[in-house]
Amino acid sequence: MTSLPDRGVSSSSSDPLCEGNIAPCSSSSEQKEDCSLKQSKTSILSCVFNSPFNIFEAHQDSSANKSPKSSSGSYDWLRVLRRIVCSGSMWRFLGTSKVLTSSDVWFLGKCYKLSSEESSSDSDSESGHATFLEDFSSRIWITYRRGFDAISDSKYTSDVNWGCMVRSSQMLVAQALIFHHLGRSWRRPSEKPYNPEYIGILHMFGDSEACAFSIHNLLQAGNSYGLAAGSWVGPYAMCRAWQTLVRTNREQHEVVDGNESFPMALYVVSGDEDGERGGAPVVCIDVAAQLCCDFNKGQSTWSPILLLVPLVLGLDKINPRYIPLLKETFTFPQSLGILGGKPGTSTYIAGVQDDRALYLDPHEVQMAVDIAADNIEADTSSYHCSTVRDLALDLIDPSLAIGFYCRDKDDFDDFCSRATELVDKANGAPLFTVVQSVQPSKQMYNQDDVLGISGDGNINVEDLDASGETGEEEWQIL
């Protein structure tokens, strides 16, 4: 779908402020000149007298006409400002006029204390804003691409304006793979050669049928759930597409080389304990154990597991009672963030601060790249972004999906404990619940059944349209 009404970054992922752009504020040339001078001086003063993270957005359409006088009069000041910002640890939010506050940031299970007072007294958070940006910019950023091979039998060689949900889901799954192979503390290195596992992960998300988790293969896997080139789908159908793709990919690899390309079990959580419509999704511990057993080819040992929990938390807008619960999921060490955004506009929400969601935006258009699995000298800059965008939590689409990664049995038990505590805080309206087992009548294991697919194999995905509104899905929460 169309992008959020934010101003974007360059396709090279560089910071627009470091490119000398300033915010437009008037249509007349005289007003532009005065405004430009005022902005330049004000920005300099902000850098000198304010905290390092009180830097306002400064971005301008490159096609705008510039006054000769303002160009010559403020260019030197702008160069000074650019040098100050680019050489230090300063950073800003882009997309709104809101500056970063000193409140704590929860980002994929990790807390960053940005208060200058707390930073000065706590050595672990001395450079909270800088360490957060390092973490943020190390996350895999997957965006619209153009110039790839046509998708299946279609003529689409780009996913611009319709592929944002696919790209958002790729980002979430990519983080799970990064956490699994490289750990939560991994940061993108500043020098080459890169870690082979890191390059291997990027290769899997390339834009061709040869790449395991490409947009081409996701659309093919999700065809029965309404995924098609040129069409937008909701998070529920997207989760089901991943379920199908992972299963198909696993079967193919077992036949060819006996290896697993997706190194964890996948559990799409939906339905309720009694199968009644309208109930909260239920994480069933026995089902998770069975999925891990199947992943390990019948062995009883626990395996890593990725949980995807699709939800609908309202009708036209999100029910406010769920917002505190959503925020708390980012405090879980197992957090992988949320597939969500404004209605019809998907983003990858990876953190929260106060009442704002912090996200990676897939709506930047970049050329398709081909990163070979063994090219440890590859240019990976188009897969990372240092621009943090924010969105009010009460504006996100009620149709979303939450992701969690549990490395082992202890990690899964910790997740269940935290989820149960969250249920206790929900006042009767939890995001999802946790139970030990399903009813005796449902004990016979069937992958489609335990993953929430109805007996006739049909799932109504037509209600998940571009407006973000939904119909009567069995997992809907009102």
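Note that Cβ sites are derived from N, Cα and C of the backbone, with glycine treated the same way.
Matching 1-20, 21-40, 61-80, 181-200 against Swiss-Prot, the residues noted as region 'Disordered' span 1-20.
Of all Cβ atoms in the shown protein chains, 29 besides its own fall within 10 Å of the Cβ of ASP361 (active site). With a 10 A radius on its CB, HIS363 (active site) counts 22 other CB atoms from all the protein chains.
Between ASP361 (active site) and CYS164 (active site, nucleophile), the C-alpha separation comes to 9 Å. Reported as a whole number, the C-alpha separation between HIS363 (active site) and CYS164 (active site, nucleophile) equals 7 Å.
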